[in-house]
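Per TrEMBL, the features are:
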- 8-201: domain 'Poly(A) polymerase nucleotidyltransferase' (DOMAIN)
- Phe87, Gly88, Ser89, Asp100, Ile101, Asp102, Asp154, Lys215, Tyr224, Gly233, Val234: ATP binding site (BINDING)
- Asp100, Asp102: Mg(2+) 1 binding site (BINDING)
- Asp100, Asp102, Asp154: Mg(2+) 2 binding site (BINDING)
- 206-351: domain 'Poly(A) polymerase central' (DOMAIN)
- 353-531: domain 'Poly(A) polymerase RNA-binding' (DOMAIN)
- 523-571: region 'Disordered' (REGION)
- 538-552: compositional bias 'Basic and acidic residues' (COMPBIAS)
- 553-571: compositional bias 'Polar residues' (COMPBIAS)
Amino acid sequence: MNYQKVYGITGPVSVAGPTAPENKLNDALVQELKKEGSFETEAETAKRVEILKTLQGLAEAFVFQVSKKKNMSDGMARDAGGKIFTFGSYRLGVHGPGSDIDTLVVAPKHVMREDFFTVFDALLRERPELDEIAAVPDAFVPIIKIKFSGISIDLIFARLDLAQVPATLTLSDKNMLRNLDEKELRALNGTRVTDEILELVPKTSVFRIALRAVKIWANRRGIYGNVFGFPGGVAWAMLVARICQLYPNACSAVILNRFFKIYSEWKWPQPVVLKQIEDGPLQVRVWNPKIYAQDRSHRMPVITPAYPSMCATHNISDSTKKVILGEFERGIQVTNDIFSNKKTWADLFSKHDFFYRYKYYLAVSITTKGSDEQHLKWTGLVESKLRLLVLKLEVLPGINIAHPFPDLFGATYAYDNDEDAQTIIDNYGSHKTEAKLASFTKVTEENKDDESIKESKKVYMTSMYIGLDVNVESKKEKVDIHVPCAEYFNLCRNFSEEYQNNDVFSLAISYVKLHDLPDQVYAEGEQRPIKKKKNKRSKDDTSDESSKRAKSDVSSLQPTSSVTTAVPSAV
C-alpha cells in the first residue's frame, strides 16, 4: 500500500496523477509562460546572485561600523556578523525579468533600526551601482527602496536578541522572535512565511509553474497588489499552495483549473490556511476571529503559516472582493474552455478592460517640484493610503463599486519657471488638454543624462485611478463624494509637516470621464474608447427620456474647480 503524505489541514480531494491530455495542456502552459517572458535568462539570474553577494558584504560592513561605534574591538565587531535573507517571488523561485528582490537585513541586538536608516543608507549611497534610493522609515514595515544595477530591491531590517548573527543562522526557530517589537516581527515574517510555503507544498516544481501563471493572470487582470486592496505576491502564493495540497499529484494545468473552480465557490470569509494555526512563546497577537473583532471583518482571509499567523489579505475591501470574485468566475470559464480545446492559455492572460469598463473615474494626481527621491516618498505615502479612500467611497449610497487600479502612471517634465510648471500640472492627466504638453521637454530614459536635463528643474507627476460604478436613477440625483475625498486629501497632506509645503508637494483628486482619460493609460496599439454620438431628438422626446437614464450616467458628475488642491464635490 502506497503511503501518501497529507499536506494541509484536510486530506486531498484527489490523488490522481495527470492524464496524457492534461500533460499536453501542461506543456502548452509552460510554452505560453515562456512566450509571456515569465522566465529570466541564466545571465540575468547570475546578475541577481552577484548583487546579493554585494548586499551581503554591505550588511557585514554595516554591522561592523555600528559595532565599532559601540566601542567593540575589531575582532568582536567582525564576529557580530550580519546576514541578508530573501523572501517573496525570488525566494519562492518564481521571479522573472524585471522582478524586484525582497531582501531582509538581519543584525545583532546592539544594531538599531535608526542605524539601518543612517549607516546602511550611507553605505548604499557610496556604491556606484546605485541608481535610485528612497528610505521610508515610518512605513508599516520600514523600508529602503533602491534600484541597484538596474534591479529594484526592497530592503527591510530586523535585529535579533542575539550578540552575533553568523552566516549559518536560520530563522525557523520561533524562539528567535523573543524580545522583538512589532515592526521587527513583521519584517522577519516575510522570510519565515516564504520558507514555510515551500515546505508545505507536495511538489515545488508544480507549485512554481502554477504560481507563475497565477501571477501573470492577476497582473494582466489588474488584481495584484496588497496596497490597493488586492492579494499581493505572498497571498497569491498561499492560495495556489492550498490547491496543490488538495491535488498533490496533479500537474500545473490542472492546479490552475481547480484554483479557479474552488475559489469561485469558496465560502468566504472562511479562511484559507495551509496548516493549523500555532501558538507560540510570545505575547503577540495571532489571527483569531473568535477573539478579535478586526479579524472577523476580514472579507477574504488568507492566513500565513509561520508563527505568529497573520492575515495577508486584510486590505481587501467590498469593492475589490467583487472584482476578484468576478475574475475567478472568468478564470473558471476560460480554463474549462482550454480543457475542451476551445481556447488557449493566451486567452486566460488577456489584458483587463479597466479603462473601458466605467463611465467615469476618480483620478488621484501626485506632483512634486523637487527631487526624484522626494517624489518617490510622497507617492509612496499617497499610494499607501488609497485603500482608505476606497473604503470611504464604497459605503456611500449610490456607489456600487469603487475599483482601484493597482498600477501607477507617471511622467516627468523639465521646466524653466513656476508658471511653466503650473501649466504642465494643469494640463497633465486629461485627453482634452494633454496636447498642450508637447511644447515642454519630457524627461525620458534617452535624454535623462543630457546636461541640459540634469541642470533643469523638474516636475514629477504620478496618477492613480479608481473606477466608479455609480447607480443613479435620475439626472437630478447625485452622490456627494466631497467628504471622503477631503478626508483623504487632508490625511495625506497632514501626515507630516514636510508634505504641507505647497511649493514642493501637491495632490489633486478629480473625476475624469471615460473619454477624457489620458493617452498614457492605453498601451501602444490600443484604441481609445469611441464616444457615441447622441441621436438628435425633439424636446418632447428628450423630456420623456430624462427619467429613463442609464445607471452610471455621466451627467451626474460635477467637476472640480481647482487642480492642485481640489476634491470633487459630487457624482
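Glycine is treated like the rest: Cβ placed from N, Cα and C.
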Averaged pLDDT, computed only over the residues in the domain 'Poly(A) polymerase RNA-binding' (353-531):
93
Asp100, Asp102, Asp154 excluded, remaining Cβ within 8 Å of their centroid (Mg(2+) 2):
Gly88, Tyr90, Ile101, Thr103, Lys145, Ser152, Ile153, Leu155
Can you figure out which of Ser89, Asp154, Tyr224, Val234 (the binding-site residues) comes closest in space to Asp102 (Mg(2+) 1 binding site), comparing Cα atoms?
Asp154
Cα distance, Asp100 (Mg(2+) 1 binding site) to Ser89 (ATP binding site), nearest Å?
8
Would you say which of the binding-site residues Asp102, Asp154 has the most Cβ atoms within 10 Å of its own Cβ?
Asp102
Residue pair Asp154 (ATP binding site), Asp100 (Mg(2+) 1 binding site) - Cα distance, angstrom, rounded:
7
Taking the Cβ of Phe87 (ATP binding site) as reference, which residues of that chain separated by at least 6 in sequence fall under 8 Å from it?
Asp102, Thr103, Leu104, Gly190, Thr191, Val193, Thr194
From the Cα of Asp100 (Mg(2+) 1 binding site) across to the Cα of Tyr224 (ATP binding site), what is the distance in angstrom?
15
Neighbour count (Cβ, 10 Å) for Asp100 (Mg(2+) 1 binding site):
17
Neighbouring C-beta atoms (10 Å sphere around the C-beta of Val234 (ATP binding site)):
23
Note down the number of other Cβ atoms within 10 Å of the Cβ of Ser89 (ATP binding site), including every protein chain shown.
22
